[in-house]
Amino acid sequence: MESAAKPSSVQNLLLRALLFVVSIFLLRFVYVVTLRGGSCGGGDYCFFTNLAEVATPASSAATASNPSYRALWTTLEWRKAVGYYSSVFQDLIAEGFLSSASESLCVDTAAGYEVLALKEIGVPDAVGVAKKSAPPLVVGGGEPLRLPFKNGSFDFVYAGQSLDRSKQPAYLAAEITRTLRPHWFLAVLTTSARDAYSLNSLTELFPGCIIVLSREINGMNSPEPLQEIVFQKLESAEIVRPKKGSSNHCPLPEHKLQIIRSAEPLIKKEPLKPWISLKRNIQNVKYLSSIADINFKQRYVYVDVGARSYGSSIGSWFRKQYPKQNHTFEIYAIEADRAFHGEYRTKKGVNLLPFAAWVRNETLTFEINHDPDNHDVEKGQGMGRIRPIGDSNDKVLSGNVHAIQGFDFTAWLKQTVTEKDYVVMKMDVEGTEFDLVPRLLKTGTICLIDELFLECHYNRWQKCCPGQRSPKYKYTYGDCLKLFTSLRNSGVLVHQWW
């Protein structure tokens, strides 16, 4: 009986040893699949790998001993997100934009998926920044437009879709560029930048960088693809690019040519019934914001030159009909007629300039006349036009004349907007367009305007008096057509307005 018991105890010992070894490998397998996403680093024995490897250096000990991090990082949500970003970063490694030695920053990463992905694929020196901290992967940035890092701190910056989410992408882009070392790379993901106009707007956010990669990739939680764009920072981020208003002509790059080619054609033959033809043409207008993505601008500005009443165009057209792509516009109303000034005091979000847009600062005469063809005159007022004091070239059509202050419109526009802003302008100035537009073209200030709705005034046929032209203006329809053509040839998207 004793001899039979000995083999049984030996078998039990062997069985226990075997179960112990199997348990080790099972635990190793579970670790690899759940925590490491199915792969181990070369030469690692994954079961004994310290979890601190995926934490920041300062918090590695705390991470290794904190089971809450282990539980969080092994959830389905985390594994899906980390797996997605791991794939994105591995492609960037293959392209040579990222390496295991890269000091890396992930911007606006609320949870830290991107940071953990970098660490798991072998880029240990990575940190995230967001408005609120999420230890141990993400530090709090406080003010989102001031990243808490010194100049040139990183070899690789992953901006992700932070620019899409930011209300001030120009300032955020400047901060991202500041923290990047020269010659190194930053990567952006965006739902925009699919057209030449939008891509140019994005490029202008990084004036010290050049695009080295642009491609379409799959999104993580959306069937809509994303644009992945990689920039390389040049030796000096203070490279000066010519500004839109800094020369006597507008540059005509491809993105502007595409917009002009997409615009509605100009009406080249003078309409016999302009009060019908030009008004109908408004239905054919192809707005810039319906042709291209207008994201990545610093500000959005609408300037109404010759605004008249609030309901004339600001309230009835721009605020209700112009496609704004969910952007909030600053509005400026330029109107010299004192009859309308009181109305604007009650209109929120509208900045009134109670002067006349002119080519210089000087006192002008403001003439109110009653056009028999105009049935939309507000408050019993006629249409006003300005002239320099002492000008006798035009006949006065009424005795209602008073002095007003004119201001240098070109100088004001240069001081108010920049090439990084999106500027829409409507101009209805009763013939003064033949003074203002040539000056805007001559000084190059016209380059600051992205889209112009221009009503051109000429000696048109009168509705009231068949066979007679209006004596109010000396210019012809041909003169107007030349004005519109010169604007489009300069790269300005201008529309014939009524």
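Quick reminder: no glycine exception, Cβ is built from N, Cα and C everywhere.
As recorded in TrEMBL, the features of this protein are as follows:
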DOMAIN    138-183  domain 'Methyltransferase type 11'
DOMAIN    271-360  domain 'DUF7870'
DOMAIN    403-498  domain 'DUF7870'
TRANSMEM  12-31  transmembrane segment
Exercise. Taking DSSP states H, G and I as helix and E and B as strand, how many residues of the domain 'Methyltransferase type 11' (138-183) are helix, strand and coil?
Worked result: 15 helix, 14 strand, 17 coil
Seminar exercise, completed: DSSP puts the residues of the domain 'DUF7870' (403-498) at 36 helix, 22 strand, 38 coil
Problem set entry | Tally of DSSP helical, extended and coil residues in the domain 'DUF7870' (271-360) | 30 helix, 18 strand, 42 coil
